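The structure appears right after this line, and notes come after that.
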Amino acid sequence: MYPTDRPRRLRTDGIRPLVSESSLSASDLVAPVFVDATADERVPIESMPGHERVPVDEAVARVEEVRETGVEAVILFGIPESKDARGTRAYADDGVVQRAIRRIADGTDAYVVGDVCLCEYTDHGHCGVVETGAEADPTLTVRNDETLELLAETAVSQADAGADMVAPSAMTDGQVGAIRAALDDAGHEDVALMSYAAKYESAFYGPFRDAADGAPAFGDRRHYQMDPANRREALREARIDAEEGADVLMVKPGLPYLDIVSDLRREFDRPIAAYNVSGEYAMLHAAAEKGWLDLEAVAHESLVSLKRAGADLIVTYFAEDLADRL
Ligand code: PBG
């Protein structure tokens, strides 16, 4: 008639912290920062309240704002002054991200991660060089091996500028190996590599593509990003990246893909990262704005859930707001 097992005994205020299985701290978080070569002042990003694109001159100030909240790591995305078919400004020594990294590395103690991809830099918005005629025929897609060289150049130029870590997100086969080899050749053995190992073709990237102006002009990314229906395939992707030398394996998006975070945690002994993406941020903000959700509570719960699933670190637009309160 009465229960013999009473889990509620462990839920008093006194003992809850002692038996808590997951925790979240500012040191787990990486804050995205957008640097914009076309802006001469900060420009708010409409679909991501609280975020802005900043000119290179403001990059150090922006990073210091992040660090004041206790978050020490930033990942940089760039909006270049011009775009072309081969994304030339992604790997230019005086590219917007390279200039920003130089200043941040010189002027702050932040841990600086460079996102390595071409989609913000190509005029067609794809993550690599596209096949001739792809505009008319959506079955024609990114040229894999030709793109590898450009990604490697991008990573090396970011490392030359002073990046502590590079994070390839183009979902090009072989990108981790190509980048690791190029970094090592250039004397950057100590620059870490975090691969977007399981990156899905997700509609949750919508606000980011507005923010970074990187939506594909034609077609979509399903020929290189993963099918959201697939789970086993994430292990394959992660295994390849681990073998090619990724130091950290990332899953993206975060919340809709907790099973993948959990799988990778069990399968690998390297740190696992989760990317709590722009759409996850925007939807909570939109609901909170309507008074339907408590923003701080749902943001915290989202990130704790990513930790519980097995993430060691989380890239999130909530980094500053949450760290301030942790
Ligand atoms: C690629 C990249 C994207 C995001 C991070 N790196 C865009 C994409 O794949 O379309 C999306 C991040 C987000 O939605 O927050 N450079």
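Cβ coordinates come from backbone N, Cα and C, glycine included.
Here is what TrEMBL records for this protein:
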type	residues	note
ACT_SITE	Lys199	active site, schiff-base intermediate with substrate
ACT_SITE	Lys252	active site, schiff-base intermediate with substrate
BINDING	Cys117, Cys119, Cys127	Zn(2+) binding site
BINDING	Arg209, Arg221	5-aminolevulinate 1 binding site
BINDING	Glu237	Mg(2+) binding site
BINDING	Ser278, Tyr317	5-aminolevulinate 2 binding site
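Other than Cys117, Cys119, Cys127, the residues of this chain whose Cβ falls within 8 Å of the Cβ centroid of the Zn(2+) site are, in sequence order, Gly87, Leu118, Glu120, Tyr121, Thr122, His126, Gly128, Ser169, Ala170, Gly214. Sequence-distant contacts of Ser278 (5-aminolevulinate 2 binding site), defined by Cβ-Cβ distance under 8 angstroms and a gap of at least six in the same chain, are Ser47, Met48, Phe204, Tyr205, Gly206, Pro207, Phe208, Ala211, Tyr317. Nearest by CA distance to Lys199 (active site, schiff-base intermediate with substrate), out of the recorded positions Cys117, Cys127, Arg209, Glu237, Lys252, is Lys252. Under the three-state DSSP scheme, Lys199 (active site, schiff-base intermediate with substrate) falls in the strand class. Between the CA atoms of Cys119 (Zn(2+) binding site) and Arg209 (5-aminolevulinate 1 binding site) there is a gap of 9 Å, rounded to the nearest whole number. The Cα atom of Arg221 (5-aminolevulinate 1 binding site) lies nearest to that of Cys127, taking the recorded positions Cys117, Cys127, Glu237, Lys252 as the candidates. For ligand 1, the nearby recorded positions are Ser278; that is, of Lys199, Glu237, Lys252, Ser278, Tyr317, these have a C-beta under 6 Å from one of its atoms. For Arg221 (5-aminolevulinate 1 binding site), the Cβ neighbour count at a 10 Å cut-off comes to 22, with all displayed protein chains included.
For Cys127 (Zn(2+) binding site), the nearest of the recorded positions by C-alpha distance turns out to be Arg209; the candidates were Arg209, Glu237, Lys252.
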